[in-house]
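Per TrEMBL, these features apply:
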- 28-229: domain 'ABC transmembrane type-1' (DOMAIN)
- 30-54: transmembrane segment (TRANSMEM)
- 66-85: transmembrane segment (TRANSMEM)
- 105-130: transmembrane segment (TRANSMEM)
- 151-176: transmembrane segment (TRANSMEM)
- 213-234: transmembrane segment (TRANSMEM)
- 254-277: transmembrane segment (TRANSMEM)
- 289-311: transmembrane segment (TRANSMEM)
- 289-405: domain 'ABC transmembrane type-1' (DOMAIN)
- 320-344: transmembrane segment (TRANSMEM)
- 350-369: transmembrane segment (TRANSMEM)
Amino acid sequence: AALTLISPALSLTHWQALFADPQLPQALLATLVSTTIAAVGALLIALLVIVALWPGPKWQRMCARLPWLLAIPHVAFATSALLLFDDGGLLYDYFPYFTPPMDRFGIGLGLTLAVKESAFLLWILAAVLSEKRLVQQVIVLDSLGYSRWQCLNWLLLPSVAPALAMAMLAIVAWSLSVVDVAIILGPGNPPTLAVISWQWLTQGDADQQTKGALASLLLMLLLAAYVLLGYLLWRSWRRTIPRVDGVRKPATPLLPGITLASFLPLTGVLCVVLLAILADQSTINSEALINSLTMGLVATFIALLLLLLWLEWGPQRRQLWLWLPILLPALPLVAGQYTLALWLNLDGSWTAVVWGHLLWVMPWMLFILQPAWQRIDSRLILIAQTLGWSRAKIFFYVKCPLMLR
């Protein structure tokens with residue numbers, strides 16, 4: 001679908017019209033600031049929590065509570081932050097002098113995304129940190145007197161580098177292209193590049209739609225620039241890792257990480273409580289609510305069915321193309337979907353919306369299901385086969401219960 005955006009990029013005149021727009025510089029600056037804060041903030045929060053709690057029972061309890069935040073939609077989380085911190089919000093009534101000034105650079109947007117995406121980053125790293133080898137090595141380093149930050153710098157980061165790189169790529173791609181949260185918390189005039197691109201794409205003027213398509217491609221170029229910058233920073237950091245020579249640094253305080261670990265899962269609960277308190281039931285559109293719930297349930301059921309079939313009967317080797325919707329900015333893909341829906345005369349239909357959701361629901365569900373699927377003990381499958389169980393019976397009575405755990 002994203003290939004439908006390439007044709008406008010072949011004209012120099014179209015690019016000149018885009019860069020001549022007076023809104024572009026400020027929108028680009030707000031996008032870069034908010035994305036950088038979101039990525040760096042999420043990484044910092046996750047590392048502080050890992051240093052403070054892992055390994056140990058507190059880490060296990062924190063991981064069990066992470067779904068409290070992961071399950072909250074981004075829009076609901078952003079709305080709660082707006083109602084809490086904005087001018088006229090709950091905190092404004094008690095601390096009016098601490099109301100932040102007009103946010104032209106998307107700082108509040110970046111901070112909100114950092115908190116939300118840190119839970120996603122911790123969820124990914126938790127699967128890697130569950131390896132017994134890492135736990136044993138950290139215990140040895142602790143017993144030799146090395147600080148937790150030395151363990152993180154010399155052992156954990158090199159070990160989790162592949163998973164961390166993919167997670168950071170997904171966070172940067174999402175932060176660059178997020179539209180709904182940016183409308184709620186981002187700057188208004190001009191907005192972020194993703195919002196202004198979406199506004200251009202949804203206008204009836206062909207020239208504006210072309211500018212929107214080029215702005216979407218500009219988001220892809222920004223993602224490539226972030227990838228290159230991250231790679232260079234990683235190479236520079238690797239050169240700073242010394243050989244293990246027995247040098248010990250003084251222990252660092254763990255209170256910030258412990259505080260963040262305690263507060264982070266609760267932000268999802270606080271979000272729901274705040275929205276429930278401030279919601280006016282008389283303004284609820286029951287038809288829109290039922291529509292949203294139905295679409296969400298149908299998309300989830302279809303994705304779950306397809307993914308279970310894929311995991312059971314699909315190819316065993318990794319299919320990297322399945323992760324592209326997570327690793328690429330969402331806006332160019334949505335614009336491509338919208339163009340295809342127009343061609344098929346499906347725009348605005350219930351089917352088109354569910355199809356649009358499936359493009360992201362499936363890889364996210366696969367991201368959750370695949371680690372549990374890979375941890376299934378093959379010896380249990382072998383025992384069931386020796387008892388004469390069919391493949392379908394093994395799937396329903398062995399694999400599914402193990403995945404539910």
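Glycine too: its Cβ is placed from the backbone N, Cα and C atoms.
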What same-chain residues lie close to the transmembrane segment (350-369): Cβ under 8 Å, and 6 or more beyond its ends? 295-296, 298-300, 302-304, 306-308, 310-311, 322-326, 330, 333-334, 337, 341, 403
Against the transmembrane segment (30-54), which of these stretches has the most C-beta pairs under 8 Å: 66-85, 105-130, 151-176, 213-234, 289-311? 105-130
Which residues, given as numbers and ranges, are at least 6 beyond the ends of the transmembrane segment (320-344) yet have a Cβ under 8 Å from it? 1-5, 166, 169-170, 173-174, 176-179, 194, 197-198, 201, 212-213, 216-217, 219-220, 223, 352, 355-356, 359-360, 362-364, 366-367
Within the same chain, the residues 6 or more beyond the ends of the transmembrane segment (289-311) and with Cβ under 8 Å of it are 350, 353-354, 357-358, 361-362, 365-366, 369-370, 373
DSSP assigns the residues of the domain 'ABC transmembrane type-1' (289-405) as 95 helix, 0 strand, 22 coil
